[in-house]
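Worksheet: the structure to be examined is printed underneath.
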Amino acid sequence: MPRNRSLSVRSKKDNVSTATGGSSSAPKHRFTMASLRGVAQPELSKKLFKIIKSENHVIGAYESASRERISIASQLSDWGEATSDESISDISDKLGVLLSEIGEQEDVFAQNLEDYRGVLKQIRNTESSVQPSRDHKAKIGDEIAKLKYKEPTSTKIVQLEQELVRAEAQNLVAEAQLTNITRQKLKEAYDLHFAATIERAEKQIMLARHGRRLLNLLDDTPVVPGDTRPAFEHASQARQILNDAEEDLREWTPNLEPIPSLATNMGVNLMPAQTGTGTAGTNVSGQEELPAAIEAGSITSEPSYTHDISGGSTIAQPKHTSSYQQAA
């Protein structure tokens with residue numbers, strides 16, 4: 001067979017679950033103690049935490065859809081074989097191959113959504129690290145207001161006002177870091193999301209078009225009782241259609257409008273890099289400092305994501321290939 005690509009899904013039927021049983025492998029997303037973290041989330045990051053958690057369920061649904069689609073493809077092939085109709089048997093088996101590949105694209109999409117979700121987490125972590133700064137500034141302001149009401153002449157008021165100045169300065173830096181990382185990572189996250197959506201759609205459209213080509217090979221001319229249908233004469237054409245589908249998937253490349261980023265000069269402290277000093281940044285008091293998010297341990301100086309939006313085109317290549325591409 002060309003390029004060692006299987007032209008049938010029937011050889012896999014012993015390894016594919018039934019439609020009711022699901023896959024023998026456990027789903028990737030399970031309930032853990034981490035599911036309880038939402039209860040203790042800072043107010044600032046609660047909404048994004050909920051989005052990220054909901055996306056986790058969406059990813060699980062796409063993975064489940066992938067498994068079910070592959071299972072149904074195998075069932076369709078088995079049914080066609082059981083009809084004892086040569087034409088239906090051959091066409092249904094080839095359709096099963098294409099439907100199975102469509103199911104694989106759902107899994108690829110789910111994997112790409114994991115990347116997008118990981119970028120959103122970086123915004124959430126920064127929000128979580130900024131909340132204590134806001135709370136500290138508000139607490140000092142409340143204490144000053146209480147003292148001015150109860151003890152207007154207290155010497156502690158001056159001390160608290162000085163502490164409030166420092167707290168406001170620290171919060172000013174934290175808020176700037178938050179808006180910088182939020183804008184950059186929002187663009188990056190949804191660049192990944194929409195690029196993955198377009199990839200899935202375009203590949204599934206290609207596969208669906210080849211599926212329609214297969215249907216054109218099936219003669220549905222009615223027969224009267226006693227007539228014998230002619231032998232199926234399009235086996236080679238059906239194989240060629242699968243080869244064409246394989247070739248189309250292999251040659252597919254993204255053709256998307258770039259999403260440029262102006263955040264190329266942002267330093268390790270999530271602030272604009274100072275001219276001539278690389279990534280060094282200063283706080284409002286003129287002292288060099290690390291960002292609050294890094295000090296809190298929620299963001300590292302070397303992000304773990306693999307996608308870069310700083311160099312013009314931001315479309316990441318798929319992390320793994322389809323079964324057609326693997327065969328190549």
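Any Cβ shown, glycine's included, is placed from N, Cα and C.
All TrEMBL annotations are machine predictions without curation.
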Select from 157-184, 185-212 the stretch of residues annotated by TrEMBL as coiled coil. 157-184
Segment assigned the feature region 'Disordered' in TrEMBL (from 113-139, 302-328): 302-328
